[in-house]
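**Student:** Dumping the structure here so I can ask a few things about it.
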Amino acid sequence: MSSTEGLDYPQVILQYNSGFLVSKVMFTACELGVFDLLLESGEPLSSDAIAARLRTSTTGMERLLDACVGLKLLAVELTQEGALYRNTEISNIYLTKSSPKSQYHIMTYYSNTVYLCWHYLADAVREGRNQYERAFGISSKDPFGAMYRSEEEMLKFMAGQNSVWSICGRDVLTAFDLSHFRQICDLGGGGGALARECVSLYPDSIVTIYDLPKVAQLAKEQFVPPEEHRIAFHEGDFFNDSIPEAELYILSKILHDWDDDKCRQLLAKVYKACKPGGGVLLVESLLNEDKSGPLETQLYSMNMLVQTEGKERTAAEYSKLLEAAGFGEVQVKRTGKLYDAVLGSK
């Protein structure tokens, strides 16, 4: 049987058409606080009660709740008093703000920021550049200047990235045994979730987060507790300023932001600063070598088009960039999750 045999193509296309609607239902329920309310209540609630507590219309809330039931994000029980709604295990773990594995922040970031850029996807394809100018009326020449256009936006982005590493960080940091690296530099480490996971997994390590001054300051104030003495900060712009010496450099979702020339420029600086016997760990979502998938990575690459200067790459493309900078013995580990790991040695 061929891979296309038995497919109902009209139905498949209709399902793709509804993908946007599915996302917005989940984002809206998060934003309004549906899952948080049901967790805090400790008991199932009616749509009227939920609407009253969240100050929404009763008709709108009932439809939102039913759609969430269809998406398996809520469960419903029909009683003599009417329908009562409760969270599923998935929503309790990933969609409530208080959960250690909460994805609330990345979802609200996508809903309120990323989707505005995706509205201009056709323009991005025509022009081959990000869409900050159309979406927000600001220059597209400095993607992170646009992304960090206010402290509020910067906090949203950092919290969103932290939520990703709460469920993916351990996978990428254990793809290789990093225990022999003591002095680690997390380039563009943002809110510090990956650094915190690193010192938890490798207690003999010291991790320095290198990021822009305003990012480092917010990370210290909002995300990394002062009693965490194994995490330090180094403020700077890694394209324009020097990079501190370390045994291992972690570049998590960094290279996919930039074109090949800037990647080569950055990796050359990392190689020069790296101690002999050290290395660099790239954390990225890897395309298949023929670029036929995975679908999530292909979609991430479209997101890089509308938001940055970069793209997602294959393992061979990352290996080539590392080798051009001088790194050898390149190893690749696919985690089976959203992000993979590539390790190069000096």
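Including glycine, each Cβ sits where the backbone N, Cα and C put it.
Sharing the record's features from TrEMBL:
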type: ACT_SITE; residues: His256; note: active site, proton acceptor
type: DOMAIN; residues: 15-96; note: domain 'O-methyltransferase dimerisation'
type: DOMAIN; residues: 118-327; note: domain 'O-methyltransferase C-terminal'
**Student:** Taking all residues of the domain 'O-methyltransferase dimerisation' (15-96) together, what is their mean pLDDT?
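**Tutor:** The answer is 95, the mean pLDDT of the model over that range.
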**Student:** Looking only at Cβ atoms, how many others are within 10 Å of the one on the residue listed as 'active site, proton acceptor'?
**Tutor:** 24
**Student:** For the domain 'O-methyltransferase dimerisation' (15-96), what are the DSSP-based totals of helix, strand and coil residues?
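**Tutor:** Output for the domain 'O-methyltransferase dimerisation' (15-96) reads 52 helix, 13 strand, 17 coil.
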